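Have a look at the structure below before the remarks.
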Amino acid sequence: MLALADNILRIINFLFLVISIGLISSLLNTQHRHSSRVNYCMFACAYGIFTDSLYGVFANFIEPLAWPLVLFTLDFLNFVFTFTAGTVLAVGIRAHSCNNSSYVDSNKITQGSGTRCRQAQAAVAFLYFSCAIFLAKTLMSVFNMISNGAFGSGSFSKRRRTGQVGVPTISQV
């Protein structure tokens, strides 16, 4: 079973990623030209939901899935993907005012729409929120790996430290 703080961060991150998917899917639905930046953002959100939320649910109930090394790897990849997605979209929209018509008309992501501009800015914000949560979860995974080893889980290591696993001691006989 994963820690309570880890599960709370997973729930909050799930909400941020669902909001990001909604904003990005709206950008994809209203686009006139192809934008690989927006497509990558959708991939990063979908990958984050799949590996963080769904894998986290399974890791709560199936203890062999909760290896600290696997959780660290997935959290680190999610951090990298969401940071890259937020940065790619932020560079693409170049953080101008959405009321500036010359900027909105010339940008490949906003494509002449102030609404698309605001949606892209909101998607960048939620991607960075998600990125911060993935960074916190990566650090938690590192501390878990240091304390429990790369292939041990927290509950198994606690049982081993208290002497409940293996050969019984003389006081248990």
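Residue numbers in this text run from 1 along the chain shown.
Even glycines carry a Cβ here, placed using N, Cα and C.
Going by Swiss-Prot, these are the annotated features:
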- 1-10: topological domain 'Cytoplasmic' (TOPO_DOM)
- 11-30: transmembrane segment (TRANSMEM)
- 31-37: topological domain 'Extracellular' (TOPO_DOM)
- 38-62: transmembrane segment (TRANSMEM)
- 63-75: topological domain 'Cytoplasmic' (TOPO_DOM)
- 76-93: transmembrane segment (TRANSMEM)
- 94-137: topological domain 'Extracellular' (TOPO_DOM)
- 138-157: transmembrane segment (TRANSMEM)
- 158-173: topological domain 'Cytoplasmic' (TOPO_DOM)
Handout entry: Tertiary contacts of the topological domain 'Extracellular' (94-137), as residues 6+ beyond its ends and Cβ separation under 8 Å
Key = 6, 9-10, 12-13, 16-17, 19-20, 23-24, 26-27, 30-33, 35, 37-38, 41, 44-45, 48, 52, 75, 78-79, 82-83, 85-86
Completion exercise
The average per-residue pLDDT within the topological domain 'Cytoplasmic' (1-10) comes out at 83
Practice task
Take the transmembrane segment (11-30) and find every residue of the same chain, 6 or more past its ends, with a Cβ under 8 Å from one of its Cβ atoms.
Solution key: 38-39, 41-42, 45-46, 48-49, 52-53, 109, 111, 113, 116, 119-120, 122-123, 126-127, 129-130, 133-134, 137
Fill in the blank from the handout: Counting only residues at least 6 beyond its ends, the same-chain positions whose CB falls under 8 A of a CB in the topological domain 'Extracellular' (31-37) are 88-89, 92, 108-109, 111, 116
Practice task
May I ask for the residues of the chain that lie six or more residues beyond the topological domain 'Cytoplasmic' (1-10) and have a Cβ under 8 Å from a Cβ within it?
Solution key: 52-53, 56, 59-60, 63, 66, 71, 133, 136-137, 140, 144, 154-155
